[in-house]
Amino acid sequence: MIISSQPANLSGTSSAHMSEEGVESDCSCVGVAVAVGESAATTTAGAGTGAGVGLMMGRAARQMQTHAMEAEKPPTPPPPPTPATATTTTTTTAAKTTTHRASLTRPASESELLVGTGTSGTSSSGGGRPGHRKSSLALALTPEDDSMDVYQRNLMDLKYPTVLPPNPQLKALLVFHKSDSICEVVTLACQRHQLDVTLVKSKEEALETLHKSYATAQCYHLIIIDARSTKGLDAEHIARTIRHTHGHHLTTIIAVCKKSFFEKDDALIALLDAGVNRCIAETTNLTLCSVELKQILHSIIRPHNVMSTQQALYTALHRLKEVVLITDDVLRIQYANRATERLLNMRLDEIISKPLGDIFVSDLSTISEQGKSIKEFDGILMVRRKNQESIPMHVRVVPVACIGSAPTHLIFNFDIPGGGMDFIATLPQPKEAPRGSLHSVRRCSFDVRSIASDGLRRTSLAKLTSLPLEAPITKIINLLSQVQENCSADEARLIDKVLDFLKREGLYSPQMKEIRTDDPIATDLIGALLTGPSVYSSRRSSNDSIIRTGNSTRTATIVPAKMKANPIIMELLEESLKWDFDIFKLEEITDYHPLLYLGMEMFRRFDVFATLNIDENVCKAWLAVIEAHYHKSNTYHNSTHAADVMQATGAFITQLASKDMVMDRMDEATALIAAAAHDVDHPGRSSAFLCNSNNPLAILYNDLTVLESHHAAITFKLTLGDDKINIFKNLDKETYKSARSTIIDMILATEMTRHFEHLAKFVSVFGNEMEPRELVQSEEETSILMRRMLIKVADVSNPARPMQYCIEWARRIAEEYFMQTDEEKQRHMPIVMPMFDRATCSIPKSQIGFIEYIIQDMMHAWDGFIDMPELITCMQINYSQWKKYDEQGVNTLADIMAKQPPVGNKSSSSK
Ligand SMILES: Nc1ncnc2c1ncn2[C@@H]1O[C@@H]2COP(=O)(O)O[C@H]2[C@H]1O
């Protein structure tokens with residue numbers, strides 16, 4: 001006695017709604033996968049577009065037209081089953097039990113076998129070798145009889161080739177609490193049908209075995225659970241759990257129940273509801289059990305295999321470049337492939353279930369009439385796209401009967417009159433993975449063979465695919481390509497654009513075109529800051545001479561200045577962590593040694609002496625030497641700027657700590673050291689200038705990150721070059737290595753050509769709702785991003801300082817730019833920022849541009865992270881002030897300075 005479940009276990013695939021008749025009908029009209037020429041078999045997702053039609057038609061359809069109706073004839077009936085003989089069933093040793101093997105591999109006795117063979121199914125007949133399945137063709141083409149000669153006969157009968165379903169060695173997992181006689185009979189029945197049997201005794205063991213089988217892609221096709229009593233095993237629970245286990249939603253589950261269960265249906269229905277496909281009654285009769293099992297193999301497991309073949313065909317159809325639409329007999333759209341979406345410029349949900357009349361301008365009555373009389377249509381129809389544009393299409397309509405003789409579906413196959421596919425070319429192209437990505441190479445493995453005529457190329461591509469290399473960007477591109485498989489035409493187009501950008505070089509590099517071209521100051525300044533020096537190289541004049549900058553022989557002559565215990569300095573330094581700290585006053589009262597004083601204060605506050613395990617005097621000497629290597633003649637890039645950046649760094653570290661984002665002591669120390677040294681030996685000219693003048697530094701660093709490379713290198717050259725100033729000398733090797741790497745990374749991060757790259761990365765990690773630690777980045781990677789942003793913001797924080805300081809910094813940088821322009825003019829060099837000409841420059845405009853393009857977003861991102869609203873407030877006040885000056889025509893340095901109250905006692909460097 002058997003109670004069958006609904007074939008609910010088939011749901012979840014697009015083939016779910018197919019009747020078996022539908023499946024059989026399919027065999028007459030496939031061929032798409034071959035026509036598409038893509039690796040359909042590798043893609044299982046995406047084909048399930050919701051169509052409930054078991055019919056296919058593609059390029060092959062054209063040639064098939066004349067045979068189409070023939071194809072609708074019922075398939076050739078399979079020959080009757082061949083009676084099995086006793087001698088054909090002596091193959092029970094096939095089973096490879098992995099668990100409790102000893103109890104299962106007992107060969108069946110002759111008598112048992114004789115009893116069991118009378119009515120058993122046929123697939124084990126024919127002398128099949130133990131553990132070896134017969135030709136897959138047999139199962140595929142002759143569902144009721146798998147002997148080779150029958151297969152050949154049927155193949156001859158088939159007008160159109162079919163796709164063979166997979167035919168793996170079937171594996172059965174038996175979950176029996178104990179190996180009693182029932183368990184033995186089930187085992188023997190399985191072995192009789194050449195199933196590879198594994199026996200387990202508990203739910204845990206069963207799930208572990210299933211997990212392993214999934215992990216090794218060796219899933220079980222059949223699971224038989226002992227459901228006779230809930231004492232040993234809770235079959236209902238096991239079935240439910242299995243259904244929720246990865247890879248087992250389609251596995252066939254059988255429950256062996258007590259005979260008495262079949263008298264009241266509650267228990268059986270509960271089992272079926274839990275995901276069991278069929279309940280069978282316990283029996284010690286091997287024949288009965290074997291027949292039950294054979295029926296299960298035929299009625300459940302084989303259809304699953306056939307269904308999986310349909311999935312491959314759906315995938316092929318989905319990828320087809322030709323437009324294929326399938327309607328039901330009343331012309332409601334049941335299926336549309338992706339080419340249809342592109343043609344109509346509509347999403348699938350806008351197409352499916354709609355009356356066909358919605359997309360055709362032409363009268364369709366002829367088609368439906370002809371459909372009823374089972375004739376084909378071949379002619380021109382006007383198709384209406386989403387934008388109401390009408391286009392003529394050559395349409396072929398083939399009626400298909402799935403059940404009975406009346407057509408149940410109509411297959412529409414479109415192309416352009418005259419065969420020109422130019423129209424399609426103007427639409428978004430099929431979603432191929434970007435060229436060059438490993439994904440594209442993998443997906444197009446068939447194409448590789450056909451396109452690459454020379455074997456060498458083929459081999460190298462094949463090698464490429466097997467390399468375990470995949471950049472994160474490739475992963476992103478692959479993921480997006482996967483998304484494209486199933487999205488609407490509009491979304492696919494957008495993703496195309498995204499992919500286009502992702503494939504470009506310099507992902508995070510700013511694009512000049514985004515800068516307003518009618519704003520020459522912004523164009524000049526931002527262009528000079530954000531683009532590499534190469535843009536200027538073509539403008540280099542031939543008579544440029546090599547100049548030497550800096551003085552790298554100062555080390556020996558530096559004598560650390562005696563620090564005066566000046567109460568005014570000490571009082572000022574009390575405020576050294578405040579955002580409105582007066583760095584210019586410190587510059588003045590320390591006699592232009594702000595870095596030494598501020599540096600010592602910061603080192604003391606953040607316990608750097610202890611962290612580096614170094615004497616205070618070494619630190620003092622180090623600061624003095626570093627300060628001495630800042631050029632006093634620079635109006636902006638002097639040691640006051642270094643002290644200012646160090647002060648901002650200290651303020652940020654303090655704020656981070658107050659927000660429970662404490663940096664470790666070494667990170668604090670390295671951040672302060674990097675800040676102090678980040679512009680050391682700056683020549684007061686930009687990298688572009690150095691490149692244009694063939695400066696030795698530009699030659700040394702190949703025009704790349706010239707100044708920042710120099711600042712980092714000279715920092716270590718000076719530090720390691722003199723034991724008296726070597727602040728790292730007591731660090732162990734590993735700690736030193738890591739500290740050095742952090743300092744170099746931070747100094748290099750101040751290079752403005754990579755400004756947007758750093759900002760974008762920071763925002764993508766910290767601007768996210770998720771906790772940074774939940775993102776792909778490691779903790780170390782996120783802390784690197786944070787440190788880079790910290791020093792960058794500190795470096796260009798001057799527009800977010802209180803207004804009088806902001807204006808003074810603007811004056812200093814403008815003056816330094818002017819001096820560069822002066823020299824460029826004088827030496828007939830390319831002028832990097834022509835607008836920074838002291839005679840004509842508008843300082844407010846330059847500051848407005850600088851804030852708008854560089855500072856604003858960064859400050860908001862940083863404030864969002866660190867929570868220092870005073871940065872934003874100051875920046876906004878300054879911005880309004882610059883706007884006001886601009887409106888008032890207060891442009892030159894002189895005009896602006898005339899409006900300011902005195903700041904400190906201006907030095908020669910700040911005049
Ligand atoms: N207020 C400002 N106005 C214009 N440019 C600035 C200003 N502050 C900093 N900069 C530029 O930003 C750059 C940051 O890196 P540098 O310190 O090498 O050089 C800096 C200057 O070129």
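Think of each number as a place in line: the chain as shown, counted from 1.
Glycine residues also receive a Cβ, built from the backbone N, Cα and C atoms like all the rest.
Bear in mind that TrEMBL entries carry predicted annotations, made automatically and left uncurated.
Among Asp591, Asp723, Asp795, Asp895, the residue that TrEMBL places alongside His637, Asn638, Ser639, Thr640, His641, Asp679, Gln847 at the AMP binding site is Asp795.
One residue stands out among the binding-site residues Asp679, Asp795 for having the most other Cβ atoms within 10 Å of its Cβ: Asp679. Residue counts for the domain 'PAS' (309-354) by DSSP state, with H, G and I taken as helix and E and B as strand, are 22 helix, 11 strand, 13 coil.
Cβ contacts within 10 Å of Ser639 (AMP binding site), excluding its own Cβ and spanning all protein chains shown: 30. Taking a C-beta cut-off of under 8 angstroms and a sequence separation of 6 or more, His637 (active site, proton donor) has the following same-chain neighbours: Tyr630, His631, Asp679, His682, Gly684, Glu816. Cα spacing between His641 (AMP binding site) and His678 (Zn(2+) 1 binding site): 10 Å, rounded to the nearest whole number. His678 (Zn(2+) 1 binding site) sits 12 Å from Thr640 (AMP binding site), taking the Cα positions as reference.
The Cβ of Gln847 (AMP binding site) lies under 8 Å from the Cβ of Pro799, Ala810, Asn878, Trp882, each of which sits 6+ residues away along the same chain. Within the group of binding-site residues (Asn638, Thr640), the Cβ with the highest number of other Cβ atoms inside 10 Å belongs to Thr640. The most densely surrounded of the binding-site residues His641, His678 is His678 (count of other Cβ atoms within 10 A of its Cβ). Neighbouring residues of the recorded Zn(2+) 1 site, listed in sequence order and excluding His641, His678, Asp679, Asp795, comprise His637, Ala642, Val645, Ala675, His682, His711, Thr750 (Cβ within 8 Å of the Cβ centroid). Taken together, the residues of the domain 'PDEase' (555-889) have an average pLDDT of 93.
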